[in-house]
Amino acid sequence: MKLVRVNLGPRAYDIEVASGQLAQSASFFQARHPGRHAVLICDANVRAPYGEPLAAALSKNGYRCNLLAVPAGEATKCTAQAEMLWNSLLECRTDRKSVVIAVGGGVVGDLAGFVAATFGRGLAFFQVPTTLLAQVDSSVGGKVGINLPAAKNMVGSFWQPTGVVIDLAVLQSLPRREYVSGLAEVVKYGMILDATFFEYLESVVPQLLARDEVVLERVVARCCELKAQVVEQDEREESGLRAVLNYGHTFCHAIETVSGYGRFLHGEAVAIGMVQASQLAENLNRIEQSLTMRQLNLLQALELPTTVAGLDPQQLLAAMQHDKKVEHGKLRFVLPTRMGHVELVSGVSPEVVLEVLQS
Ligand SMILES: NC(=O)c1ccc[n+]([C@@H]2O[C@H](COP(=O)([O-])OP(=O)(O)OC[C@H]3O[C@@H](n4cnc5c(N)ncnc54)[C@H](O)[C@@H]3O)[C@@H](O)[C@H]2O)c1
Ligand SMILES: O=C(O)C(=O)C[C@@H](O)[C@H](O)[C@H](O)COP(=O)(O)O
Ligand SMILES: [Zn+2]
């Protein structure tokens with residue numbers, strides 16, 4: 001078992017990384033939140049295997065529990081589902097001492113976290129991430145929100161969880177495509193913050209693909225540590241430091257939006273987006289081609305897509321204008337300088353971006 005602390009003063013919290021502990025985790029919640037009413041929010045796939053057992057364990061430990069399920073998939077991160085959940089919380093007699101527990105992937109975590117942040121002007125919430133992507137990224141750091149049809153994650157908040165319970169055993173039931181998608185955000189951490197970690201990932205590709213739990217414990221805990229270090233220094237993405245976590249995401253979000261939410265999984269679009277951002281850095285003479293090749297090789301070894309065809313470059317460029325890093329109408333990109341280091345760069349001309357999108 002590994003414990004990662006996110007040191008955020010009054011909003012500090014623990015991330016527990018272990019295996020098989022989920023059904024016995026009532027004490028984790030009890031120790032951190034005094035309430036006796038829990039609303040568990042999951043999606044239709046996660047409900048029976050993980051939502052119901054956790055609700056049963058909490059009920060046994062004296063909680064009044066409600067279990068709400070939303071449809072699975074990216075399209076669920078929308079205003080209609082948020083409204084449905086607000087109304088359901090009302091029906092469940094949720095008050096300010098109740099706690100929301102998000103059980104599922106990043107879609108459930110972002111949506112349930114947003115609903116928790118807004119209902120009654122803010123309820124405590126826990127994250128119980130059940131996808132690799134959610135375990136290494138979305139459950140940590142407090143970005144919660146929903147999509148608008150033309151802009152990914154455009155409505156949301158910074159709302160930190162009260163704690164995060166990561167059970168690695170649940171990853172065994174994840175469909176292969178969803179599992180592999182999470183590996184893209186893992187590779188991202190190496191690229192942006194930790195060259196040694198990137199090298200380690202290159203050395204454990206077969207173990208990663210085989211979901212080896214010893215390797216996974218190390219990898220998931222390291223990603224959480226790295227994210228915690230960034231979030232501790234720039235919780236609300238004000239200084240620019242937190243933007244490093246957005247490497248590849250200007251391209252990624254444009255791809256997800258223009259192709260229609262759900263056609264590409266988030267991690268797949270992150271993989272393509274990182275390669276495109278790296279190509280952009282190359283075209284601006286900021287890096288050597290070998291750095292792009294190294295990312296490409298690892299992403300491909302991990303069975304991730306690295307190119308996209310059939311999307312209109314002009315439409316992608318237009319979608320990028322909704323990126324939250326845009327300042328005074330101008331795009332800013334997170335670009336690599338060397339392995340383990342990226343920078344937020346302003347003043348990139350749309351023509352150079354188009355070149356990458358057309359190549
Ligand atoms: N808030 C953040 O900081 C942050 C970071 C990264 C990504 N995100 C967001 O996360 C979302 C993507 O999350 P995701 O990749 O987890 O996708 P997801 O939530 O859609 O889950 C993927 C699929 O796996 C199923 N599933 C989940 N756990 C399972 C399990 N253990 N066994 C079997 N099936 C399981 C789900 O039902 C779903 O069909 C995107 O919306 C992205 O924008 C947010
Ligand atoms: O936590 C962050 O900060 C990130 O940027 C992590 C990203 O992986 C994640 O996809 C995030 O939701 C993107 O945020 P956005 O502000 O660009 O919508
Ligand atoms: Zn992401």
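Backbone N, Cα and C define each Cβ position, glycine as well.
Pulled from TrEMBL:
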type	residues	note
BINDING	Gly106, Val107, Val108, Gly109, Asp110, Thr130, Thr131, Lys143, Lys152	NAD(+) binding site
BINDING	Glu185, His249, His266	Zn(2+) binding site
DOMAIN	69-180	domain '3-dehydroquinate synthase N-terminal'
DOMAIN	182-326	domain '3-dehydroquinate synthase C-terminal'
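In this view, His266 (Zn(2+) binding site) is surrounded by 28 other Cβ atoms within 10 Å of its Cβ, with every protein chain counted. Note on the domain '3-dehydroquinate synthase C-terminal' (182-326): mean pLDDT across this stretch is 97. For His249 (Zn(2+) binding site), applying a Cβ distance below 8 Å and a minimum sequence separation of six or more within one chain yields Val270, Gly273, Asp323, Val334.
Taking a Cβ cut-off of under 6 Å from any atom of ligand 2, the binding-site residues Gly106, Val108, Asp110, Thr131, His249 reduce to His249. Checking the binding-site residues Gly106, Asp110, Thr131, His249, His266 against ligand 1 with a 6 Å cutoff on the Cβ atom leaves Gly106, Asp110, Thr131, His266, in sequence order. Cβ neighbours within 10 Å of Val108 (NAD(+) binding site), excluding its own Cβ and spanning all shown chains: 31. One way to see the shell of the Zn(2+) site is to take the Cβ centroid of Glu185, His249, His266; the remaining same-chain residues with a Cβ within 8 Å of it are Leu133, Asp137, Ala184, Lys188, Gly248, Cys252, Gly267, Ala269, Val270, Gly273.
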